[in-house]
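Engineer: Encoded as structure tokens, here's the structure I'll be asking about.
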């Protein structure tokens, strides 16, 4: 008997007076202004470095160097900027253009991850003995500090500056199927990146004819960086794998973070794959499989695979999904119906409080009043039913009101 009087709710629905779904959140106006200022400053610094290189060697040579058509140190002295700098300009500019929209928070997070992640090695590179006396040493160190702190600030602003908003102003995630497919491809890219780094650890040893500590130098950047501000190649490989995994997790969770983070990573993957193929072409051994060891053949093949996967991810994440449909409200708390009330339920259930009066043509004695209004909608017995539902209680959470988000 006691079990039969327990409140019953449709599967997947919670009581309407519970905590309910979290309200949509988007970046507050002050946070958007702060994020835009940081993006603008970092973008100006990047452009200033690019202008410095263009004045030094010309736009044509800078562009060829960014594309991998001119190898570092061959045609001219070592440049300050490289391919990553061109990517940072695009990513920061993209985040800056999103600053006017409430959904700019995740764009700031993506820009902050790339800015701080790819500039972090400069903190130890430009404080090492082997960089003493390098040209523009102090400016490069200041740039590394500014980008690391500025990138962290963008991440904090994007995460902590969000406030509850109307559903129409919240950032829209990708379509469910597209997000899952992109997540799978991101995991594949991350796995192959990690696999290559593990292979390099075992390959670049003195037993295989390579200088000692070569992989360590590729990780720390000692005497191996391709431009003044470049991230070490092994470090960049591990960082790319981590970003890909983070974007994949966000995609599987259908989080709005998946779009900006996944798009930024896919763009970098496409550009870096093209540059890698350009380097092989410059060395005149692109797809010259007759004279290459197996692992170098695999490197070229995987560059093509990364290029194709990056393009597919861009296509999958480029189109945002629709707004999430509002969750149905649990039965029993809807707005009162218009018209005549329902007859009282037999068996002592009584009528809910504040039911509309009966028709004058069907007057009947009212049910005895209940000592206390029921706090839960109860399951009616087989022989009768409830009348109109009671009005919403005063402590009814705004997020769960019918028609709410």
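Placed from the backbone N, Cα and C atoms, the Cβ positions cover glycine too.
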Engineer: Quick one: which of 33-51, 52-70 does TrEMBL have down as transmembrane segment?
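Structural biologist: Among 33-51, 52-70, the range TrEMBL annotates as transmembrane segment is 33-51.
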Engineer: Looking at 260-280, 323-343, which stretch does TrEMBL describe as transmembrane segment?
Structural biologist: 260-280
Engineer: From the ranges 180-201, 202-223, pick the one that TrEMBL records as transmembrane segment.
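Structural biologist: When 180-201, 202-223 are checked in TrEMBL, transmembrane segment belongs to 180-201.
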Engineer: Looking at the ranges 13-30, 103-120, which is given as transmembrane segment in TrEMBL?
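Structural biologist: Residues 103-120 are the ones TrEMBL records as transmembrane segment.
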Engineer: Suppose I define contact as three or more CB-CB distances under 8 A, residues 6 or more apart in sequence; do the transmembrane segment (33-51) and the transmembrane segment (180-201) meet it?
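Structural biologist: Contact between the transmembrane segment (33-51) and the transmembrane segment (180-201): absent.
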Engineer: Sequence-remote contacts (6 or more beyond its ends) of the transmembrane segment (260-280), Cβ cut-off under 8 Å?
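Structural biologist: Non-local partners: 66-69, 71, 83-84, 86-87, 90-91, 94-95, 98, 106-107, 109-111, 113-114, 182, 186, 189, 240, 243-244, 246-247, 250-251, 286-287, 299-300, 303-304, 306-307, 309-311, 313-314, 317-318.
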Engineer: Check the transmembrane segment (300-319) against each of 76-96, 140-160, 180-201, 235-253 and return whichever range has the most CB pairs under 8 Å.
Structural biologist: 180-201
